[in-house]
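Reviewing the structure listed below.
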Amino acid sequence: MLKLLLLTLPLLSSLVHAAPSLAMPREGIVGGQEASGNKWPWQVSLRVNDTYWMHFCGGSLIHPQWVLTAAHCVGPNKADPNKLRVQLRKQYLYYHDHLLTVSQIISHPDFYIAQDGADIALLKLTNPVNITSNVHTVSLPPASETFPSGTLCWVTGWGNINNDVSLPPPFPLEEVQVPIVENRLCDLKYHKGLNTGDNVHIVRDDMLCAGNEGHDSCQGDSGGPLVCKVEDTWLQAGVVSWGEGCAQPNRPGIYTRVTYYLDWIYRYVPKYF
């Protein structure tokens, strides 16, 4: 996974010197454990062909024919749907793959880099998938859902298990429970150790923070889902986007806030199916 090369211009000078890893997309799970085989049936693996169909990002099945992911996963170098494949929920990467083709990639038009927000994209599968007990969609939240600070949610993926420590074979799906961190508090945390003025918002309104020291997403599953259980229903609160390091003090993981983009999502994805 490539590093994001640019930072938001007002933050550039302070962040490059104080936190050189801030531009890393989020790609895996730290402080978690292997997920049991019947959990997270909406989790998908995005693949790109590099001598083999290699996992590079995560995503979530939100409709039998649509996958939600991060825009930075499908930037200009991966914009051709013919060069992508989707693997539905499986316990171990690369074991008996059944890869699905993609007919359309739709990145949010406001996306430039993850730190500027709008880090969200949709993939339309060539054919709808069969919904089963092992593979089914995750519900999107109502626009009124705020996911208050302290709410315990889960993030899943196949990425690194610590800074620069890859997930070892057989590459099981990992999960970790993370608390929601209120945006203003998260923004204050990200200002610690930086010379950036308090009037410069690092954490934008379209973002959501979750995680604490030792429990976080990391560097293989950007685009994956952050889900929270609300009244016995799993709702996708966020899309794994970016952060500084993995599970570092005062640096929660930053996610795209799904409720902020519901109107945009439903412009393409049928709400009822």
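Each position is counted from 1, following the chain as shown.
Every residue gets a Cβ built from N, Cα and C, even glycine.
Database features (Swiss-Prot):
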type	residues	note
ACT_SITE	His72	active site, charge relay system
ACT_SITE	Asp119	active site, charge relay system
ACT_SITE	Ser222	active site, charge relay system
DISULFID	Cys57-Cys73	disulfide bond
DISULFID	Cys153-Cys228	disulfide bond
DISULFID	Cys186-Cys209	disulfide bond
DISULFID	Cys218-Cys246	disulfide bond
DOMAIN	29-270	domain 'Peptidase S1'
CARBOHYD	Asn49	N-linked glycosylation site
SIGNAL	1-18	signal peptide
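Projection of Swiss-Prot feature records onto the structure.
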{"residue": "Asn49", "record": "N-linked glycosylation site", "DSSP (3 states)": "strand"}
{"residue": "Cys57", "record": "disulfide bond", "DSSP (3 states)": "strand"}
{"residue": "His72", "record": "active site, charge relay system", "DSSP (3 states)": "helix"}
{"residue": "Asp119", "record": "active site, charge relay system", "DSSP (3 states)": "coil"}
{"residue": "Cys153", "record": "disulfide bond", "DSSP (3 states)": "strand"}
{"residue": "Cys186", "record": "disulfide bond", "DSSP (3 states)": "helix"}
{"residue": "Cys209", "record": "disulfide bond", "DSSP (3 states)": "strand"}
{"residue": "Ser222", "record": "active site, charge relay system", "DSSP (3 states)": "coil"}
{"residue": "Cys228", "record": "disulfide bond", "DSSP (3 states)": "strand"}
Around the Cβ of Ser222 (active site, charge relay system), the count of other Cβ atoms that are within 10 Å: 31
Candidate recorded positions Asn49, Asp119, Cys153, pick with smallest Cα gap to Ser222 (active site, charge relay system): Asp119
Those recorded positions of Asn49, Asp119, Cys153, Cys209, Cys228, Cys246 having Cα within 10 angstroms of His72 (active site, charge relay system): Asp119
Least surrounded among the disulfide-bonded residues, given as Cys57, Cys153, Cys209, Cys218, Cys228, when other CB atoms within 10 Å are counted: Cys228
Entries of Cys57, Cys73, Cys228 which, being disulfide-bonded residues, have CA atoms within 10 angstroms of Asp119 (active site, charge relay system): Cys73
C-beta crowding around His72 (active site, charge relay system), within 10 angstroms: 27
For the domain 'Peptidase S1' (29-270), mean pLDDT (0 to 100): 91
Closest of Asn49, Cys73, Cys209, Cys246 to Cys228 (disulfide bond), Cα positions, recorded positions only: Cys209
Fewest other C-beta atoms within 10 angstroms, as judged across Cys73, Cys186, Cys246, which are the disulfide-bonded residues: Cys186
